[in-house]
Amino acid sequence: MAHGRRLALGIFVLLLVDIIWVASSELTEYIFNESGFDKPFFSTYFKTSMFALYLLGFIFWSPWRHQCTHNHHHQDDMYQVADIEEDEESAMMDDRRLSEPRYEPLKINEQEKSSDGDSDDSSVKSVRFSKLTEVRQLSETEAIDAMMSRLSFSASVRAEQLALQAANKLSIKEVMKISSIFCLLWFLGNYGYQIALSDTEAGIVNIVSSTSGLFTLILAAIFPSSLTDKFTISKLASVLLMVAGVVLVSLEDKKLAGGKLPLGVVWSLVGAVVYACYMVFLRRKVPTEDRMDFTMFFGFVGLFNTIILWPGFPLLDVLGWETFQLPNKEQLLYMSVNGLIGTVLSELLWLWGCFLTSSLMATLSLSLTIPLTMMVDILLKNIKYSYVFYVGAVPMMLSFVIVTLLTHYEEWDPLMDCMKYLHRKCCRRSVAYSLVDTDGVESESLIVDKQDVDEEDEEEEGGDADEVDTTCITNSMTVSEALASNSLVTNH
């Protein structure tokens, strides 16, 4: 597929995912409020358990079945990849390139048999061939090298990349272990989102939930998984801008709720923080998406949630937080459609759109759910938001876009660049002012003519001579006055 068509298809898929998520949030709110089935834990448990449908891939997807049957050869695959990268060294170290000999009966064509029968028996046969043939097979390393040598350069490079990905891919047991660790974080994040929808409008919930990307930024700076997760001044300013938007949206939600505590905003923030923890720690565990099949991961997440979290029903019933109740046929139909389309299908389409375009575009598409949800609330529910809500929504969306761009351009920190530029300008001005103050002191030229120097020396010597003459005259006048005064005293 051409690059332009691939990009267009990816954009279409991401827009479709946004529409599905907005419709899913509205349907969930309808189930809680209009249908009367206000059971956030049951809804989260039911929808998350539907991830287990991905495990049907072990029945219908041949690579998964092959991975089950050949899972014990994982270390051998790693050895083969190392041999592909260092074929010459491995060839010298491998003493046994051929297998043990195996003897098979020699197959002779019928024409050769008939020609032998027609020959004269009296002729002397000087050569006799054995009726057994010796068969030896190349080792797996040599067979791979032979296959790679027959490929073109581009095909061999692609084959090596695929072999490396297959060798570095996590086994089924490792995927199950990771799924068992992160299934609780996934459930808590979605449970907070479901509780928020049962208490607050979907537009406000989606706006506050979109801050999970910014919480991911903060946690990634504290627990970096790669060199790209560094903290910058621009990212800090974007986080502060997001916090200001959350405060304004919370004030609007408090106004819509009649002055009560905006629990929906609080639960949305809790869900966003938990989901950010889930994303950051999962990335630290699995640095690249090539190492793990995320479809298998989600399947095991659904399976472990089904097995582990069922005791939550009697516990919440005893505590009085959520009474256990089975849905009716209509509610079950709504929840099934919402789970299949809003959870199972949407996650698969979002991953597909991410690979068709880029992670940047897929992340930016999440913020598009905010205006779409607001449009649905205004058109279908006749909800009127004040200007405070729009003023709070704008910096939140803007900060999300800014952080995404800063994450994409790793070395770009515009706010720090501006601060450095202003610092250089201020330093230059201070240096300029100091030069102006000392201009009068250092105004003489360091290079002068010799004649000017001689004239200055003569003027200085003449000045010294005049001072000496004046001193002598003064001293002589003082002596004569003293003698005159003495003579007057004697006469008297």
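Cβ coordinates come from backbone N, Cα and C, glycine included.
Record features, source TrEMBL:
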SIGNAL    1-25  signal peptide
TRANSMEM  41-61  transmembrane segment
REGION    104-125  region 'Disordered'
COMPBIAS  104-116  compositional bias 'Basic and acidic residues'
TRANSMEM  178-196  transmembrane segment
TRANSMEM  202-223  transmembrane segment
TRANSMEM  235-251  transmembrane segment
TRANSMEM  263-282  transmembrane segment
TRANSMEM  294-313  transmembrane segment
TRANSMEM  386-406  transmembrane segment
REGION    448-469  region 'Disordered'
COMPBIAS  452-469  compositional bias 'Acidic residues'
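Counting same-chain residues at least six beyond the ends of the transmembrane segment (294-313), those with a Cβ under 8 angstroms from any Cβ of the stretch are 41-42, 45, 48-55, 57, 64, 172, 175-176, 178-180, 182-184, 186-187, 324, 347-348, 351. The stretch with the most CB contacts under 8 Å to the transmembrane segment (202-223), chosen from 178-196, 235-251, 263-282, is 263-282. Among the listed stretches 178-196, 235-251, 386-406, the one sharing the most Cβ pairs under 8 Å with the transmembrane segment (263-282) is 178-196.
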